[in-house]
Structures are given as structure tokens and as C-alpha cells.
Amino acid sequence: MQGENLTSWSFFFLEGFSRYPKLEIVLFIFSLLMYLITLLGNSILILITVVDSRLQTPMYLFLGNLSFMDICYTSASIPTLLVNLLSSQKTIVFSGCAVQMYLSLAMGSTECVLLAVMAYDRYVAICSPLRYPVIMNRQVCVQMATISWVTGSLTALLETSFALRIPRCGNLIDHFMCEILAVLKLACTRSLLMDTVMLVISVLLLPIPVLLICISYVFILSTILRISSAEGRNKAFSTCGAHLTVVILYYGAALSMYLKPSSSGSQEIDKIISLLYGVLTPMLNPIIYSLRNKEVKDAVKKVLGKMYLQQTQEHL
């Protein structure tokens, strides 16, 4: 098949982890468990931000968007991974590959922008608390969330359309999903235009948001250290600590994947990083945000309590 253009092919083979057949069942159990926890945790977080009036604030509006992105991101790739881990024929149709690549890029890119927006929200809340309700009003928050979604969707559309139009000399993707870097390795020749597009978008969505987040946290930290009461400092640290943990996990994996030289590192390592990036981080997000957040804990107890009460009354 080498040397042929893929325009006549209607599917891709996914290499996945087929080189390690004994590992596949372990990865299946691990991925399925993580995926179910991701769906449950993020769904509960979305539910409580909608039904609990105490959580109708900018931070939880953005957090609800983040949870929805995590559900979409994992649902774009993990079901295919689960099927292929148990199948001898690891294939995906061309249209399915295009949708998977687009959704993964769109959700990932949107999250890059949203995490920077959330850092700005924390900056205003801690550094200008009296002006916070005015600056971060409902209209502004919706506009910021919309900009995040539009930016992620458009950049993903641009990358996906370029990546799938490049002539390819094979249809065996050395990955467990249609990840854009793995698909680009099938190209017959390097495309300067595609490399430029990837570099520009990667810089716009990775180092620049990270820089803005770092600047926000420099001001946040200096403000927190000036708070006289220990209770006030602890509360500020707890709300910012969760966001900062998510940022480190998310950007650490993303930067290692998309801003390294294309020839460096093993493809197997890239697969593991992608799996952690695509399964572990979305699963941990709701846990991290609720672990030290009394408001979220109370809201979860309240919602679960109502559901249990309704179930009890139905059975009486």
C-alpha cells in the first residue's frame, strides 16, 4: 500500500497497543473504569451547577463548561479505544476518523482558552473582590465562554481540514485514535503549510495561555500573601489550588505532545501520554475541584439526598 494515495481508501487501521496483546485487557479495564468515573463525576458537577442556586457564579459557569468539554473529549475517543482493545480488526472509517480528530482538537483547544479565562476570573475575584460582580457579570461570562468555544472550534476545523487533505502513503495509524500528529506521519511528503498552521495554532493555544495564567497567578499570590487572616488565605488558596492543579496536569501533557520536535521520543510514549491526557485528566478534574471545595461537597450531598428521598417515596 506504500506509495498509493489514500483518496480511494475509506478506512484507517489503528495500531493501538496491538504490539502488547497481554496489556490490552488491562488497558481495557483501566480505560473503561476511568471513562465511567469521568462521565459520572462530570455529569454530577454539571447537574449541581445547574440546580443549586448557590453555585450560579462565574467560576461554576466556567466549571460546568469544562466538565461538558471533558465528557465530549473522552466520548470522542475512548469508546473507539475500548472496542479496538477487544477486537482483532482495529479499524475506523474515514468519516469517523475526521469526526474523532475534529472533536478531540476542538475540545482540547477550547479547554486551553477556558483555563486561561478561569485564571482571569480568579484574578478578579481575589485581587478586585469589590468590583468582581461588575467586571464578571453574567453577560461577560457568557461572552468569555463563547469565545473559548468559537476559538477551539475554528482552530480545530482548520487543522482537521488541512490534515485530511494531505496526500498519504499508508492507512496504518500508529495510535489508538485518529490523533492529528499520528495521522500526519502518514503524509507522503512534509507540508510546509501544514507545519506552519500547526506551529502557529500550538503557540496561540499553549504558551500564550500558559503565560497569561502565570501572570494572573503572580498577582493572585502577591494579593493572598497580603491577606491578614489565616482563614481568608486558606480559602483563597483552596479555590486557586484546584484550578492550578488542573492547569499543571493539562498543560504538562499538552506541551509534551504538541511542542516537541516531531522526530523526538517513542511513539509508544506518545500513546501513553495521550491516554493519560485523554482519560486521567478529565476524570481527575471533578475530583480536584470538589476535594477541598465545601460548596461543591454540600451541593452534591443536597442533590444526592433529594434523589434518594424521591426513590424512597416512589417505593413506599
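Note: Cβ is positioned from N, Cα and C throughout, glycine not excepted.
In TrEMBL this protein carries:
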| type | residues | note |
| --- | --- | --- |
| DOMAIN | 41-289 | domain 'G-protein coupled receptors family 1 profile' |
| TRANSMEM | 25-48 | transmembrane segment |
| TRANSMEM | 60-82 | transmembrane segment |
| TRANSMEM | 102-120 | transmembrane segment |
| TRANSMEM | 140-158 | transmembrane segment |
| TRANSMEM | 199-224 | transmembrane segment |
| TRANSMEM | 236-259 | transmembrane segment |
| TRANSMEM | 271-291 | transmembrane segment |
Result, the transmembrane segment (140-158) in contact with the transmembrane segment (25-48) (3+ CB pairs under 8 Å): no
What same-chain residues lie close to the transmembrane segment (236-259): Cβ under 8 Å, and 6 or more beyond its ends? 59, 108, 111-112, 115, 118-119, 122, 125-126, 181, 198, 202, 206-207, 209-210, 213, 217, 220, 223-224, 227, 270, 273-274, 276-277, 280-281, 284-285, 288-289, 291-293
Summarise the model confidence on the domain 'G-protein coupled receptors family 1 profile' (41-289) as a single mean pLDDT, whole number. 86
